[in-house]
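Swiss-Prot has this to say about the protein:
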- 170, 176, 232, 234: Ca(2+) 1 binding site (BINDING)
- 170, 232, 234, 240: Ca(2+) 2 binding site (BINDING)
- 3-131: domain 'C2 1' (DOMAIN)
- 137-264: domain 'C2 2' (DOMAIN)
- 305-507: domain 'VWFA' (DOMAIN)
């Protein structure tokens, strides 16, 4: 087990040293049940302290209020933490009995603790575990932590305006009206939110519907004032003012469900000068639709599972595993690059898979008993059930299969992409956000079936699937960069472009002198966006409804 512990330590021993942008913030609600005090005659005054691990050390992040004489506390204090999918964020919840005379921990009694990762909490949305004290359960006491995403309003709104009987500003034709909408900021400035197209020669125009984010429209404040101005377009750029009105997003929402909202378009100068002035026309909002933009955590908390699959290169270019120069050499204490990459990425993905069973395949080797070449064999040699129990199970299957293989070639990865794509394709039949597939391919050389691989990736880009390729060793991987769509659009040999960028390629040597956690951050940082892009693009909502979210706030353990 010393070997495994070294692998895990090297995979996650440097957290918090990177400055990547935070994906989102998460609120954690805490409750405890059945807390027991050392003094059986009195009830404790419990407080929960949240600690986070960084560089192998635990640091206090925040603490709840103290609830006096209570064995089943439900805390009102929320913990707010930054969430990074691409990191293992280790948390420790400690329950202390805080004396009424002291707030320091030296005088407090430690009542129990619980360790987990933030990924485990958000993937389950409600995590309940027994409190442990010195490695043993602290009586029947337990702690429950509920996660809720704290994010800005990412929804967008679709609006459709028309006007009626606008003032005519042209001598030889009718006005050419367009509409501008401005957000009134707190500092009294105005921010243009949208400008419609010009409708030529028409006093009762119907402008095309348009979409704008709620944040852009009103900064998330439905009562923020909006100024709407109607202009008569002129080719010289000196547009004529027709009229204006003010509204709010709250008022505009009155045009939902087939209703209309209308405003008088007023020219203040005309209103001041003309006694019989009524208005310069009417502006009507015919449609107000609010479109929900779901986040990565919406899908994860809604029950979407990350299905993690690994594929390992067993071609002869890796070298004889019995030789210490081989990329597959099993050192008694130092994990090889294949193991480092596998554990670094797999340790993060496993938090989002409830059964912790991971299919693991190999390619490029001759396998027993006939020793024919295979490019998608199960490394546990059980083709009917290629799954391994946890990342440790994958590591053990890898170490066990090495002596039984004949490393061969070529380096073909299209078959393994197609195998996982088949499972992802079956998932699309559910029409739900149930499973998203991540395929980790570990290879030591440039692939030899580039055309077939491009075809497979283009097909997979239409499925709930992402592909991560890690180049192991010192080969020239420059040709592999074309699979990563960052520098351009990947196309199949027939010219069909990928629907979305699903491939991330990195050479392991770029992280040789950094923690494997840095490798995981690099290859997994784009996964949340890829998940959201797929499901939002398909119009698939998270399985969990808003009502379930509300009910999840019930903190009874």
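Just so it is clear, glycine is given a Cβ too, placed from its N, Cα and C backbone atoms.
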Distance [Cα-Cα, Å, rounded] between residue 234 (Ca(2+) 1 binding site) and residue 240 (Ca(2+) 2 binding site): 7
Neighbourhood of residue 240 (Ca(2+) 2 binding site) by C-beta distance under 8 A, where only residues 6 or more apart in the same chain count: 169, 175, 231, 232, 234
Local confidence of the domain 'VWFA' (305-507) - pLDDT mean: 92
DSSP residue counts for the domain 'C2 2' (137-264), split into helix, strand and coil: 12 helix, 63 strand, 53 coil
Among 176, 232, 234, the one of these binding-site residues whose Cβ has the fewest neighbouring Cβ atoms within 10 Å: 234
Near-site residues: Ca(2+) 2, ref 170, 232, 234, 240, CB cutoff 8 A to centroid: 169, 175, 176, 231, 233, 239
